[in-house]
């Protein structure tokens, strides 16, 4: 009896289990059937959880392939052995600006490093390289190069860090980055603006001496490439070339240093239009006063003052855009000599005016003397006496044209009235007195232009 009850209960349990299994199979078959139109899925069900994106797992797989965690990349490759060779080549993208005031230049370039690190070797059936971005660069050893004498520099990061790392199966590494650097350039402006400048961008390892890192140009002078479209507004780029030297620091030792040298020749046409040509015109304008009547004081004085002030403005404008150097520049010589010529033209008129005043005083004294003589002598005798006195006492005034030099004619009217009561001459007499155009003006018309032309010949023969 008891056995029958147990068997019945066991049978009931088996039937229940079978029903549950059958029900689960039905539900599973429904879920695995393709959905029909209007049907919906339970996205949150564990059976429909989206598998992880394998493209986002590159870091873990690459690090496992390269065995990043198996090595200490704080040490250089081959630590304890010979210096690791690091080749460098540069692609100059642009030469952005050159400043004479700040004595610097700004350059954008692609800086590429080449070395071999066997710790980064990996197995490859097709012998192809792998390329990574800046995320892997932070986990391995890279050369610690910096720009000597740089004022500021940065690696471009738009839209991401402009850094590329390429690894080869045998452990060779190519590390490239795009950099803009502003570096110092010691300029010699003694020939400005007819000068030629040579600037250098210097690359060096900061921590590793030549015992640990041997820095060299990978392909010699061909390691430096430039964009053909590089141009500057004020300079003509004549040459790019590379050199290598050793730099010594007393506290740390010897370091390999790479130089990117470039030679620039300044375009002079801009300065001809803005500086030289206006200065020359001001000097020539100051010569106009030599042909103006010396008695026209309101015409000659403002002309001289205007040219002097204009030359001062030109000199001030040029010096405002230049560094305050302790030596004389070529443009300073030209401008100051031009200023001296303009200033001398003003002094020339002061001398002419002063000497003319002396001549007028002598003439006035002569007239007073003649007037007194006319009041005493006979009219007939007075005419002869006047002519004799004029010829003997006034020098060149009574002479006709001498050596082809023009003379100005001044008619002097002497009113001589003969009055028996007063004793004055009673008839009018005229006498001609000849006066030279002032000798200083005549000589200045030739001397000033001739001297300035001679100066220009010497100046341009030296600096051109």
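Think of each number as a place in line: the chain as shown, counted from 1.
Just so it is clear, glycine is given a Cβ too, placed from its N, Cα and C backbone atoms.
Annotations in TrEMBL come from automatic prediction, not curation.
In TrEMBL, the feature transmembrane segment is placed on 303-321, out of the ranges 227-245, 246-264, 303-321. The transmembrane segment annotation in TrEMBL falls on one of the ranges 195-217, 333-355, 356-378, 379-401, namely 333-355.
Check TrEMBL against the ranges 148-171, 268-291 and you find transmembrane segment recorded for 268-291. The range from 3-26, 27-50 that TrEMBL describes as region 'Disordered' is residues 27-50. Counting same-chain residues at least six beyond the ends of the transmembrane segment (268-291), those with a Cβ under 8 angstroms from any Cβ of the stretch are 193-194, 234, 299-300, 303-304, 307, 310-311, 314, 318, 331, 334-335, 338, 341-342, 345-346, 348-349, 441, 444-445, 448-449, 452. A Cβ distance under 8 Å defines the sequence-distant neighbours of the transmembrane segment (446-463), meaning residues of its chain 6+ beyond its ends; these are 191, 194, 283, 287, 290, 330, 333-334, 337-338, 341, 344-345, 348.
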